Amino acid sequence: MEAAGVGADFAWIACALSFFAFHFVIRRTNRLIRVSCVVCLWVVVLQVPFYFQLEKATGATLMSAVICFCCCVKTTEIMLLIPRTARLEQSLWEFSCEFLFFMFMLRKGPERKLRKNVSQLLLEFVVICATVAAKLVICVAAHDILFPCIVHGPEAQERQLRMDTNFLTLLYYNTIWLPTIVGGMWVYDLFEVVIPLITLDSYRYGPFNNWVGLSSSITELWGKRYNLLISEMLKNSVFLPMKRLLNVSNTIAGLSSFAMSGILHMYVIIATFGVGYEVRTLSFFLIHGIACSVDAYFHSKRPRGSSLLPLPLSIFITLAFVAITTPLYTRPLIYPSMIGDSPWSKMVPPTLEPYIPRLAQFVDVRAACLG
């Protein structure tokens, strides 16, 4: 864990230094030098999880890999894809704000007359706290089922092996685990209301997720509701530059964005778990890229704001498609090492764990074990 912490710290330092080196020196050089710097950055920074020999299958290693890759993508954007005049006219303060807004999802609030008052902000804070409490309960309930079934139970190891050969078994346990992807991001929900409250709506945070369970289409899921940090990065670093520089269609630019997302997650999976799941990981994002293209095509044939199907049915089909396809990517994430017995593996801070109701107190969770 110490090495993982060092790797994560180095990733943040490399990210910050590359941005500031760009601002003071590299942005004023010719394109060949900037391309060379970008190549060197990719080669050096992407080696961080391997150079530090970070512990496999841990959250710290996963986050280190994500930071390293995002650092490379964002630096490539600002070194090579931003017009020269915009690069040279950007002040250090503007540059610093861009760095902070990207890495920490901060953004400026509306004009003073459009800002929310304190009572509105306090009401939002109470509502979000209630949703956070619900997410924590769901995360712990999912953990209470998965831990005895596939981690520590008498047949846990056998079920883990069966998940690699029996898709229905994998789909079952993955569907139980899936809500923790969204529920585990409850910290971002708190930031979303705390930062406006502290700054009186002068600054806002995120959102990181936006009620993912209400997605009525696969395009809406990826573009407006899930992991908006990566979505915004891919939009600015891949989608828009391809349209501006190569004049390609929305379909080609969108598929390229999903391909880059697939490469990002392949790298994270290899750095965190080793080789073995990278092809399935890439195929997951390519499948969703194609699904988004098909979805956009059919919606383009209808008036804006209309829907092909009733809203509840659209939401059900979208979530069912996600549940069926996500095992291609998420299989390593439900390894025993990722669903341990520590409070953090339950997505809960240690101080709050004693206050979260446990599912095992009410039902026999082993009855939910499949196989």
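Every residue, even glycine, has its Cβ placed from backbone N, Cα and C.
Whatever TrEMBL says is automated annotation, not expert-curated.
These features come from TrEMBL:
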- 212-286: domain 'Wax synthase' (DOMAIN)
- 6-25: transmembrane segment (TRANSMEM)
- 32-52: transmembrane segment (TRANSMEM)
- 58-80: transmembrane segment (TRANSMEM)
- 121-146: transmembrane segment (TRANSMEM)
- 167-188: transmembrane segment (TRANSMEM)
- 245-270: transmembrane segment (TRANSMEM)
- 310-329: transmembrane segment (TRANSMEM)
- With pairs 6 or more apart in sequence, are the transmembrane segment (310-329) and the transmembrane segment (167-188) linked by at least 3 Cβ pairs under 8 Å? yes
- Report, as numbers and ranges, which residues of the same chain sit near the transmembrane segment (121-146): CB under 8 Å and 6 or more residues beyond its ends. 173, 176-177, 179-180, 182-184, 186, 189-190, 192-194, 196-197, 200-201, 334, 339, 345-348, 352-353, 356-360, 365, 368-369
- Message: From the DSSP assignment alone, can you count helix, strand and coil residues within the domain 'Wax synthase' (212-286)?
- Response: 63 helix, 0 strand, 12 coil
